[in-house]
Amino acid sequence: MPFLPLLVLLAGITLLISRRRYKAIADRESPRIIVGGHTYSESVGDGQSSTREGKIESIRSACIIGAGHVGALTAIVLASQNPHVQFHVVDDDPRLITAWNSDRLPVVEPGLDDLVFEDHAVASEIPKKQAGHQLETHQSDLRQPRIRKLRNITFSTNIHAGIAASDIIFLCLDPPLDNSSNDETPGLDLTNLKSAIRAIAQVSSGHKIIVHRGTGPSGIVPRIKKMLKKTASPSASFEVLSNPEFLVPGSAIRDLLYPVRIIIGHIFSEDMSPEALTALKGLYSWIPKDRIVTMDAWSSELGKIAASAMLAQQTSSIQSLRAICESTNANITHIEQTVGALSATGYGSSVSSLLRDVGCLVYLAQELGLPEVAEYWRAVLRMDTYQTRRLAQNITESVPGGTERRDVAILGFASKWNTIEIGNTSATRLVQELTSAGVRVDIYDPHVPKEQIERALGLVSGHLDAVTVVEDLHAACSGCGAVVLHTDWDEFKEDRLDWEKIAGEMESPKVLCDPHGMLDWQRMEKLGFKLLRVGVNCDDKLQA
């Protein structure tokens, strides 16, 4: 008993020392985290910060991390329907942000200009340059700066400021495919997503809603919540939701304005916040309530992946039938009409987003010990690779070999509806296959800057010395033995180009590959082209 007062005294001294040590650690300056060239203190020092201590039921400000196809279009549509909410679109790519702030948007989507600009009709009437030259609509080409409709949306590289000012944060980062593994199934590089989560953890205080809207492996929502809980300040709390997108290139604005359904996934737990669901639903107030469906996060994530995988599966089926048609007397166009194939299953339609989702499905099946399921979906990826390799082989065989120089012009590099994500498209893989076979490639795209194409090719091609990106269509076609209409841009239509002049500039055998069926092949024959037709009998593939 005489030792009891001494023990109480020692315990009090220990507690006092511990509290002082904790305060010293808490007061210590945090390390400088730099995102997009801005530190946290620079980002929020002069800007506004939104700190909501309680649960959030209504949104005043939203941040969209990722100014790509999904992020920017989502923000623009939400801003048009929620004029009372301020939207901050942030990205660490200054070129992309500059493009969104310019009079020439980096995405070509029907209806997009009408949402963004007041003077779309006036700008569209400005005479374009004659066909055959690069078609540009830079700011200098316009008589005056275009007037913007939306006053409640900004585009910036200041990621920290956007996060700090917002109640809700949308993660719209589609991770690139990681081909570094020896496995034939490409993985996902989650570096950008993890960086964004770290930025959120550094900046956030009070309560914020995090919405994952990009591509990611199943189970990403609980992983995000775990990362935030581990790294964020004790004063910050988060509700993490899933809100997958189901956008089809070419109809993305319509899909966002008039969606078939809105899926919101959440984690069932004791601390789940019904208020967060209400707040997110509030941003979709113009959508009929019966089209907004809530479910568990696992189902919403897997449902998004499955939707893309099913479209990729249909594309893969058409690709396999295309090869069969080339070995029989059938025509793939007639087959597509018979089965009612979606327009999205055309040549080059297996864009990187579909491949990412199929790769996620393969990875998930492997992790769950389902090798047969993994192999089934891996076959879809193989068919996409096979189509590109087969086309490259047909082109290579059609152009004379030996010691002669073989040049092929590729017209159009990006997907028609997504000129941002071009790092792992059918064009990059086609270039890789052609250069590996000893073919020189000249590339021209009227909608993608030269530097952007060169950066994309630097990631996938080991034969850059055999690739030239030009800014003039005739420079690409002059002296080449084959021309490939990779993208069905309107600029390449028959009535927009002088195909007779192009034929005169080419070298023999003057092969023309038109996988989209844009041109009248009988007229092209009369102009001296040999047509390399896709999806028809191989014996008649080269029409003299």
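Every residue gets a Cβ built from N, Cα and C, even glycine.
Here's what TrEMBL has on this protein:
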- D91, T215: NAD(+) binding site (BINDING)
- K304, G348, K416: substrate binding site (BINDING)
- 409-521: domain 'UDP-glucose/GDP-mannose dehydrogenase C-terminal' (DOMAIN)
- 1-18: signal peptide (SIGNAL)
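For the domain 'UDP-glucose/GDP-mannose dehydrogenase C-terminal' (409-521), the model's average pLDDT works out to 86. Taking only the Cα positions, the spacing between K416 (substrate binding site) and T215 (NAD(+) binding site) is 21 angstrom.
K304 (substrate binding site) is 8 Å away from T215 (NAD(+) binding site) when you measure Cα to Cα. Within 10 Å of the C-beta of K304 (substrate binding site) there are 25 other C-beta atoms, taking all protein chains into account.
Of all the Cβ atoms in the protein chains shown, 28 others lie within 10 Å of the Cβ of T215 (NAD(+) binding site). The CA atom of D91 (NAD(+) binding site) is located 24 Å away from the CA atom of K304 (substrate binding site). Reduced to three states, the DSSP call for K304 (substrate binding site) is helix.
Annotation note: K416 (substrate binding site) sits in a coil segment as assigned by DSSP.
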